[in-house]
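Enquirer: Please read through the structure below; I'll follow up with questions.
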């Protein structure tokens, strides 16, 4: 599919605004689930690994709410990329800060709601606030080329005629009549299942019977054509998916995002409990660590998004750099034993987590705008899978060792591994190796006939 030229403005700024509020309302509470995690530990009295499943599923895959969040995120990113080209990094940075601002506000809001209304009342109010996403969605207009207007809506009773007419245009009149004649012979074998089947078989020239048979043949032909089209669409989708994974950078991106979410997501869920496990007193918590993560994530998304618009910046290498530094910061968490060091690391991790603003940019540069929705949907599925697996794994490490040290070493290793895999796949030397060398010119051999003398 060819998209018209991106307007880089106009209604696109309305898209940016409503996408910002969509991510604010959709992801604010799930990302601030660390506040609820402490309440769930006290309420259920279960281990940290088992309790972490609640928060990880709320931000990953498997629940109705997370399914809706995944659909909304992909929709906001895809439509923003369609409306912006030269300012794409800035636009993506602006909309992605919505989730970070939501994290900062919902972290304090949920604490206040729990104090006044309890855990159940807090969840009910948060769910009611999320209904405002419907108003945001009503303002999202897909970018459509003037040469390709929106398809006309068809009444249900006219669907059969529409498809039958379309099919008849593909074939000549004689070919369609032959199909109907073949349908007569086929239907003669099945008339005993139709109303008045015996009467219709005895009176083949009856107009009502002929019209009924023709209608059945048309329905059968319509169903066959529809099944063929659906099967072809399925085959095309599978073929496009295979072609995406043949791209070594996309395959490495898929591995990197999975490992990044396994290792990089647990701090936003568990950092409050990390502080409590490190014997940090509540009166020392000048600002909740999760709020620091939220503020710095918003800053990181905006600044990294702006950097992506500079022509001299390679967004793929910039994304790799954020992964590697994130892995090192995660490995440093076990060394932090005070609120100040935990706050500094939370700020660093929050800023680097802002690489979500350039991730759609990297994906677009890797596969192209026409395959963005398909590729991004695949990547987001595995990102959600990583979100679901990361916190329980870290929680199980704590239940096993009664410390978060090994857990965060594991998280850092996962992110570092993903970063180096993506770096190796992105090295320019592969293009040189894959470039076909010109065939050497055939060597000319000159033979001198030996003299008999």
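Using N, Cα and C of the backbone, Cβ positions are placed for all residues, glycine too.
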Enquirer: Give the range, chosen from 57-77, 141-161, that TrEMBL lists as transmembrane segment.
Expert: 57-77
Enquirer: With pairs fewer than 6 apart in sequence excluded, do the transmembrane segment (285-304) and the transmembrane segment (12-37) have three or more C-beta pairs that lie under 8 Å?
Expert: yes
Enquirer: Among 89-108, 285-304, 316-336, 375-394, point out the range having the most Cβ pairs under 8 angstroms from the transmembrane segment (406-430).
Expert: 316-336
Enquirer: With CB pairs under 8 Å as the measure, which of the listed stretches 89-108, 114-135, 375-394 comes out on top against the transmembrane segment (342-363)?
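Expert: The stretch with the most close Cβ contacts to the transmembrane segment (342-363) is 89-108.
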Enquirer: With contact taken as 3 or more Cβ pairs under 8 angstroms (pairs 6 or more apart in sequence), are the transmembrane segment (375-394) and the transmembrane segment (89-108) in contact?
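Expert: No, the transmembrane segment (375-394) and the transmembrane segment (89-108) are not in contact.
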Enquirer: State, in range form, which of 114-135, 285-304, 316-336 has the highest count of Cβ pairs under 8 Å to the transmembrane segment (249-265).
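Expert: So the stretch in question is 316-336.
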